[in-house]
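Visitor: Below are the structure tokens for one structure; questions will follow.
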Amino acid sequence: MHSKPTWLRAKAPAGKVFNETLNTVKLHNLHTVCEEAACPNIGECWNKRHATVMILGSVCTRACAFCNVATGIPDKLDPHEPENLAKAIKKLNLKHVVITSVDRDDLSDGGANQFIRCIEEIRKITSETTIEILTPDFLNKKGAFEAIAIASPDVYNHNIETVPRLYAKIRPRARYFHSLYLLKMVKQINPKLFTKSGLMVGLGETKEEIFQVMDDLRSAEVDFITIGQYLQPTPKHAKIDRYVTPEEFEHYKYIAYSKGFLVVASSPLTRSSYHAEEDFNRLAAAKTST
């Protein structure tokens, strides 16, 4: 394995606010992708009371080569999860919340109704909190993502993850063009929504392939793109091809803006929900000025 460069070293999680966030998450029986995916930014984010909640349990029905979330037979849905999530948001006084999930291919709707219930419960408690959802692809789940789009979260995020050439290796049970279709249809169903997608670099893709993904996302009218370094969670996961330099990330940011994205987050430690509240405010401001 390549030795990790200095620009990828994050502070160890600690501090009073970090512990308060942890306790609130545990008290309300919630899972977070921050913990399950071993995110390097957990210390920084939780010390700002920012946590990305992972609904539909902690066990995924897929086994993507990049992801650290456990794979297996999932538990039954928790009927109290939406209410518990809303209570935690109120306790943490969140202005912006990101909700993601494991893949639930075992459910007839892929878990779409649980996303909708979470949106509804949050809106019952507060109209001040903006809601960003990061969903799986709902492959072969007719009407699933369409129903969520109609429920009107503020941001609909679905990650493209990597370039199409690497899908068979990195994301074998997903389909690149289905993900593009999802993003395009979400915008058509609810044009008021901001749409967002992200990809990892350092897996063996070329710059030209990344530029093509940018073009594909813009063709789907995606507003916001995130680009971050892939980090190998364990030796059994996909290997890192190389570490992309901060200068290259800046170049990707420049190119993405030139292609028409309203907001671009591109850095080694960028993740889908990293600085999500600040980026949402930038997104809203950029939309207003266009």
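Every residue gets a Cβ built from N, Cα and C, even glycine.
According to Swiss-Prot, the protein has these features:
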BINDING   Cys34, Cys39, Cys45, Ser273  [4Fe-4S] cluster 1 binding site
DOMAIN    46-262  domain 'Radical SAM core'
BINDING   Cys60, Cys64, Cys67  [4Fe-4S] cluster 2 binding site
Visitor: Could you tell me the C-alpha distance between Cys64 ([4Fe-4S] cluster 2 binding site) and Ser273 ([4Fe-4S] cluster 1 binding site) in angstrom, no decimals?
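Guide: Roughly 19 Å, rounded to the nearest whole number.
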Visitor: With an 8 Å cut-off on Cβ distance to the Cys60, Cys64, Cys67 Cβ center, who else from the chain surrounds the [4Fe-4S] cluster 2 site?
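Guide: My list of surrounding residues reads Arg62, Ala63, Phe66, Asn68, Val69, Thr71, Val102, Asp103.
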Visitor: Going by DSSP, give the three-state secondary structure for Cys60 ([4Fe-4S] cluster 2 binding site).
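Guide: Once the DSSP labels are grouped into three classes, Cys60 ([4Fe-4S] cluster 2 binding site) ends up as strand.
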Visitor: Over the domain 'Radical SAM core' (46-262), work out the mean pLDDT and round it to an integer.
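Guide: Mean per-residue confidence for the domain 'Radical SAM core' (46-262): 93 out of 100.
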Visitor: Out of Cys60, Cys64, give me whichever of these binding-site residues has the highest number of other Cβ atoms within 10 Å.
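Guide: By the 10 Å Cβ neighbour count, Cys60 comes out on top.
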Visitor: Could you state the whole-number distance in Å separating the C-alpha atoms of Cys67 ([4Fe-4S] cluster 2 binding site) and Ser273 ([4Fe-4S] cluster 1 binding site)?
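Guide: Per the Cα atoms, Cys67 ([4Fe-4S] cluster 2 binding site) and Ser273 ([4Fe-4S] cluster 1 binding site) stand 16 Å apart.
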Visitor: Counting other Cβ atoms within 10 Å, pick out the least crowded of the binding-site residues Cys67, Ser273.
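Guide: The binding-site residues Cys67, Ser273 were compared, and Cys67 has the fewest Cβ atoms within 10 Å.
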